[in-house]
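Sequence annotations record features per position, and here Swiss-Prot assigns region 'Disordered' to 166-241, 552-582, 683-708, 1204-1320. According to Swiss-Prot, the compositional bias 'Basic and acidic residues' annotation covers 185-194, 226-241, 565-575, 683-695. What Swiss-Prot records for 379-649 is domain 'Clu', and it gives sequence analysis as the kind of evidence. Under the heading repeat 'TPR 2', Swiss-Prot lists 997-1030. Annotated repeat 'TPR 4' per Swiss-Prot: 1081-1114, in sequence order. Residues annotated as repeat 'TPR 5' in Swiss-Prot: 1123-1156. Feature annotation from Swiss-Prot assigns compositional bias 'Low complexity' to 1248-1311.
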Amino acid sequence: MSETIDNPTVEEYNEKETVVSGEQVEQVEQVEQENEQVSQSFQISIKTPAEIGTINIQVQPTDTLIDIQSFLYETSETCLYSSFEFRLYGKQIPEYSELSSIEGLVEGATLEMVPVDYNERSAKLHVKRLRDIMNTGLTEFANMNNPSLFTSFSFPEKSNILTEEQQLEEQKQKFEQQQQQQQQTEDKEEKETIATEQQQNKKNKHHNKKGNKKNNGDESLNNENNEEKLTPQQKERKQKMTEIKGIDKPMLSSYYPESPIAPVQCVKSMIYSGWSPVPGYRKLFGDLFYLDITLLEGTTICVTASTQGFFINQSSNATFNPSVSPKATINHSLHQLLTQVSRLFRRGLNQILTNIGRNHPFDMLPGVLPVHNWVASSKTNRYDINKGTDTFVSVQDVELRGNPRDWNEEIQAPKELPKSTVQERIIRDRAISKVNSEFVECAIRGAQVIVDKAILPINPAENQRSHMFLYNNIFFSYALDTRDSFTDCGGDDAARTSANNDLKGIRLYNLADIDGLYTLGTAIVDYKGQRIIAQSLIPGILTTEKTSKIYYGSMDTPTNEEEEQQQKEENEENKNNNTKSIKADPEFHSRLLQAASLLHLSESKVISEDTNQEVSVCTSFESKGIIGIDGRRYILDLIKATPRDPNYTETKDQLSVLRPEAIATYSEYFKVTWLNQKRQQKLKEKEERQKKEGIDPPTATARDEDVQLTEEDLAQSPVVSFNPNLFSKVKLGGTPEEQQKDIEDLKAIGAFLKGILIPRLIEDLMLFNVAPVDGQTLTQVMHVRGINMRYLGYIAKNESANVPFIQDLLFNEMVSRAAKHCFNRLLRSTNASDMAHSISHFLNCFLGTETGSVSADEKSKKAKQIKSSAINELTQGKLWSEIAQLVSSKFDFEIPTHSVPMESRLIVLRCICLKMGIQILAKDYNFTTDAPFSPEDIVDLFPIVKHVNPRSTDGLDLLEAGKTFFNQRKYELATELLGEALAIYHQVHGPIHPDAGACFTHLAMLAYQNEQYDLAIEYQKNALVITEKTAGLDHHETVQAYTTLAVFCQRSGRYNESIGYMKHVLYLTDLLGGEYNPERASIYTAIAAILEDTERFDLALEFLKQTLKHQEFLFTPDHLMCSTTYHKMAIVCARATNFDDSIIHQKKSTDILEKELGEAHPRTKESLEFYTGLSQTANQIKLFKQHQALKAEQDELARLQKEKADQFKKSQPRVSAMPPSLENGSVSELLNYINGKPKKSQSKKSKSTNTTTTTNTTTATTSKSKITMAKTPNPTTKATTSKSSATASSAATNKSTTKTNPTSSSAADSSKPNKKSSKN
């Protein structure tokens, strides 16, 4: 994480916006105006030798041909072409030229890729390029160094929900198609004969019908058509990705998904031939080297790489015949040659390129530095002879065999470039970023070979702890207390801390960016327990000439090994005088004062003990200023670039310094407080003046608005600055009053830290305004607020933070940090052959459970296999005693237990692996055993690197301004600023950078707010892949990116795609989120919403119940969050027509609102109206079901009576004459006639009534029930017209109830004749 000075937001201090926003707006407007002048993109064409032909690309004037070349390398169609040059109108263009400087390169111009001759280096790079691309078909991921799992969880769909603009556009297209068809029909009618016209009209009519049917059905049958187009493998993958069965226990063995792409092989082998190197006489023919390639068909060919290209020669293993074979002609590219002679190679290469093209465009791009994951899939080592020969033929370290790079000159030269305009700053920042990434990459390689003892030190005669190294012109040293400088504050551990503080100081001074003041290129690499410091060399620092002596600061206690030679000379001169000699060169002092004003450091006086005179300095006395033989002024040893922490003033805490974020926040707070006091003072003076004049005092609001501060008042606001030499070993100068004031000022910020910043953090944690889920996010949250990690114990002991989730989080982080120190000490004393045993044994002691299942004989047998005694001496009890002691000394906190809680062990395992660079196998570890880990589970050990991490200041300004306008809902302006920031980041850092990912994230949110869902999804996919590559596959920001993408897909109707992403989010959240992680509730709610949209109501209800369970634990059962969840559960039950449960859930939601907000609150009223509507709907449905049951009973009775009557007819064949009046009579009349009883006379009125009633409707109970139904008012009408809440869920419920209205009304209407007959 890069550490910069973060100012407080407007929300934190309401007065800030009126104080500083004007200056910020002016800066942003200036940057924007300059950026518009230089970033006017234009389109050019590239004529390629590939089958794709000419392609069009959008470029910036500041781009170079190298940038275009990199783009072509990353495009699947042109990635195999490596040796070419660009020509414009037949004229060659230098590859480092900026596009703006190329004459004739304007909008629409065409650059031509022209093949050029090879040399040995370019030909070997071409072969390596082809080999790397072929290897992607055999590896698990396309980019193994920076993998992205996005493609594995992505099943892209088309949006089913169209925005208003898309609907209008679709209607417009349909209208134009109809007009075009009509015009075509009229043209045909004019040319053809009448008979032909009639026949053609029929065809046109039939064709138009089909076309209209097809167009009308496109929207409804879209998903079905897409489903039919899927192959069986795609259908199976889709079902596997989108299937959610419930909340299952996640397994670490399922961390990596199965690759949907089968391995693809192009050739059996491709190695350098034994006929290499080329004989002298063949060099005269242009031969460079020879390759032996075994094709998949089984044949082996020998290929010559020449300056003109590649061709097959006639050599074999026994004979050398370099002449051209008749099998194939010479080709400029190797893949073209192999395509001619091998059909299987052509098929395999096309498949690989197709697979690459299907991946996300950013998938193949490397990051600035690789991010190693802590989990590795089980994979076997593939036999590849090229990997063995790469050590000898690789061109990656060619600089080691030639002149080494002058890193200091490369790092300092870009800082001297002009920076008056945005274009100049972009060029400058890009050069700084590029050389820093190359320096760090080389530093990592150097640190690894040093720890592995593969190179010799430059001082082999001295103690091993004092060894120094030079690798590729980079100076390396161990971060150890080799001269007993830190014996009072921790020894070697303090030396590690001082190296880290020095790097932070370099970052600050680079951020200040003072002309004429330089810092060294620096990187810190932690590898196998050792901390290695890598620095660029100051010219002359290691020579015996006195050309680089100290001009500023103290000369007696150097902490970097670089000054050892010079220090020895200084000590020779003052060997009998053990005093602190402090210098302050005026030129140095004037430049450091500029930096000090930006860093809130005051000019202070210290006593130089050799002269006993006061010296004015504006840095810590330990810092040193050196003038190299190149004439540049370098500032070194910035271990106290910020003042001491006044809350930790003991000698053992002398390296405890304040964070720059805390200083910036306090400075702003102090300024706002002073301005408020100034305003109150003016207000008081005005009231006194009005009182004397007899004017009535205005209201409080009018008074506040009436008092305005002038620019002169703002200019008089005090500037906070601190003495960096307080609580240090140096003797302070100045008067006692000045010293006391400096101490009081410093103690004020200490009180501010403990009294405001930390309580505000605890409050936000309790209210879940911030919800760190692991040590990474907790560290980030605390650092951004200016709180050091040494305050973890102070926060944990605070009664306000006594929440299980927060306590578990703090405990895990403190224990992990203490365990890291124990781990480093163990690794430093471990032999290289025992490294896997050491790591697994430590993890077993740290996270295993001591059950006694391992016998003493087994332990003795394992101990004999290990040479390092430190491993055998380590036990679980001894380790946890050491961890408890470290937690007590570092965090002033006594841990309650000597073990990690079982539910947190996987979380802590991930934490310790990330801190130490350990990579373990993805398998399910049983933490209830003594030894859950074995040496075979340790896959790799990676170096952990910290570096300067330069960032573009212009891009940061535009990004922050875009965020501000986004929060103010000024979306158009925010989109413009964020787009410009993204363009700058692409030019400076490339697309794979955290800041570029932040731009894509905010652009996605802007597109989503503007209902441009497809665009929002594309932006968010870019942000997601960048986050995976820069933060990690399971980082909290990665989980948030997946969640946001799933929400966007849900809103656009891509439900299957959304479920695929949310399924992965659910896995990571349950795997690494802790037992009651607050993020779980929101994740479960989001999944429930998607399941509700896909009408999987039972599963949605299950997730909502889990949400409610977590919320009741984190908050209380009567919390408003629980009320919201109950309401969502009511909606889901209502949509599933389970109205009884829906009413119960909504009643609970309403009760909570009445208790927390009161009956008069609008939310309570809406909830009550919704509850009333649900009750009315449930009653209506209940009555309707009763009526349906009654009707079914009547129909059944009528059917039985009819059957009896039919049977009776069959049994009376002699009855041949029946009066017509009985043919339609009732059953009773029919029985009377059969029995010979006389028929009763009836009036016409009663006859008509009897014929209209149902045959079997005779009981009074039935008539009564029908009368009751007829009198019942229609509750749905009331629910429809009532002013209930306008939520989408209640609307869905109303839809389900209105479907029953026609049936209910018809049932009521059918009861009307019975009502009339009953009256009669």
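Glycine too: its Cβ is placed from the backbone N, Cα and C atoms.
Just so it is clear, the model here is predicted, and its values are computed rather than measured.
Panel annotation: around the repeat 'TPR 5' (1123-1156), residues 1085, 1088, 1092, 1095, 1097-1098, 1100-1101, 1104-1105, 1107-1108, 1111, 1163-1164, 1167-1168, 1170-1171, 1174-1175, 1177-1178, 1181, 1287, 1289-1290, 1292-1293, 1296 of the same chain, lying at least six beyond its termini, place a Cβ under 8 Å from a Cβ of the stretch. Shown for the repeat 'TPR 2' (997-1030): DSSP residue counts in helix, strand and coil, namely 31 helix, 0 strand, 3 coil. For the repeat 'TPR 2' (997-1030), the list of distant contacts is 146-150, 154, 159, 161, 163-165, 360, 362-363, 365, 367-368, 371, 959, 962-963, 966, 971, 974-975, 978-979, 981-982, 985, 991, 1037-1038, 1041-1042, 1044-1045, 1048-1049, 1051-1052, 1054: same-chain residues at least six beyond its ends, Cβ to Cβ under 8 Å. Mean predicted confidence for the repeat 'TPR 2' (997-1030): the pLDDT average there is 94. As a summary of secondary structure, the repeat 'TPR 5' (1123-1156) carries 31 helix, 0 strand, 3 coil according to DSSP.
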